Every structure is written in C-alpha cells, then in structure tokens.
Amino acid sequence: MTYFLGLTGGIATGKTTVSQMLAQQGIPIIDGDQVAHQVLANNQSVQAQIQATFGKQLVQDGQVDRAALGKLVFGNQAALAQLNAITAPVIRETIMTEMVQAKAHQVPLVVLDLPLLYEQHYETVCDGVLVVYLPVEKQLARLMARNQLSREDALKRINSQASLAEKRDRADFVIDNQGSLDQLKAQLKTVLEGVCHKSGMS
C-alpha cells in the first residue's frame, strides 16, 4: 500500500524547506510546480490554448514566456481562472499518472507537494495532509524580506491564496514554523512517526 501525504502551506511559510528535508530522507516527491513547468514546456495543446487565449507573443519557438504570462495573470482573477482552466486538468492527469505508477511499484510513502492543494481539491486523493503554518504577521515579514516587497504587495500575494489558518484547521498534520530549523526538523520527525502509525508502516 502507498500512503500519499499532501504537503501545502502558504507563500514564505517554509513548505519548500520541508519538501527538501523529506527528499533528503529518500521520500519521493511529486512536485506540483515542477509538473506545471513541464506541462507549459512540453504540452503543445496547452501552448496552443495559451496562444489562443492570451496572444501569440506568449509562446516563442515552442516555449511559453512564463515571466510574461505570470505578469499577465498576477492580480487578474479572470485571467488566472482562464489559465487554470487550460492547465489544471493536464497537471492533474500527470500527477494522477505518477500516483498510479507509485502504487504499482508499491512505494510506501509519496509526498504530493502542492501549493494549491486545497484550492484544487487534491485532499480527496491524499491519505493525509500536512500544512506548514505561520501566523500572518510572520508570514508577511518573511515574504517582504525574501522578495524585497512592500507590505502592500506582500499582503496582495498572501491574500491571493486561501486562508492559511483555514488550511491549518483542515489538515491532518501541522508544522508551526515559527521556531528554529532544529525545531522544524523535530516537528517533521513527529509528523512522519504519525504517518507511519496511520499507514501501518514501520
């Protein structure tokens, strides 16, 4: 049996750090961002739909101009919804195929690293969900420092995602990432013990 652990959080909460720690332990990661990049780079049907919807200039020599596309959809809910309608079904199909392969190979634990896990309803295909949490003021401070953003711009980015507190309340496992790296590692160890207990893995 394969246990699928969904991993999500908010921007600048430390989800990527947790994902890297899991990968270092040899746990396979299905990375939603990587899958999305592969779909944009390699799927000609998706590229054609992006050109038809947003303009021919967004695909040059078989490559999507991701920076231009990002600028176009950021802060524009209608454009973002159009892009998601084009890409989300293909991304989901790719992720589901990877999950089927993991099951076929009897991989005991696979992590689905998905920034929009709840927004796109992947919790329905996960056996458990881990949320990396920060109170919004700490999240804001980290994002402003990391990306050199104004408070207003950082808040816009945070508010473009679903409420982190809501995600935390829905999760099976929560890491509160306000402390040190060692504290983060200790919490992750506890989560993995909980996953082993729930899944029957030793």
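Every residue, even glycine, has its Cβ placed from backbone N, Cα and C.
Annotated features, as they stand in Swiss-Prot:
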DOMAIN    4-202  domain 'DPCK'
BINDING   ALA12, THR13, GLY14, LYS15, THR16, THR17  ATP binding site
Report the residues of the chain - excluding ALA12, THR13, GLY14, LYS15, THR16, THR17 - with C-beta within 8 Å of the mean position of the site's C-beta atoms, for the recorded ATP site, in sequence order.
GLY9, VAL18, VAL132, ASN177
Limited to the domain 'DPCK' (4-202), I'd like the whole-number average of pLDDT.
94
For LYS15 (ATP binding site), which residues of its chain lie six or more apart in sequence with Cβ-Cβ distance below 8 Å?
LEU7, THR8, GLY9, ASP113, PRO115, VAL132
Between the binding-site residues THR13, THR16, whose Cβ has more other Cβ atoms within 10 Å than any of the rest?
THR13
Write out the long-range same-chain contacts of THR17 (ATP binding site), meaning residues 6 or more apart in sequence whose Cβ is under 8 Å from its Cβ.
ASN177, LEU181, LEU184
Lowest local Cβ density among ALA12, GLY14, which the record lists as binding-site residues, within 10 Å:
GLY14
Three-state secondary structure of ALA12 (ATP binding site) from DSSP?
coil
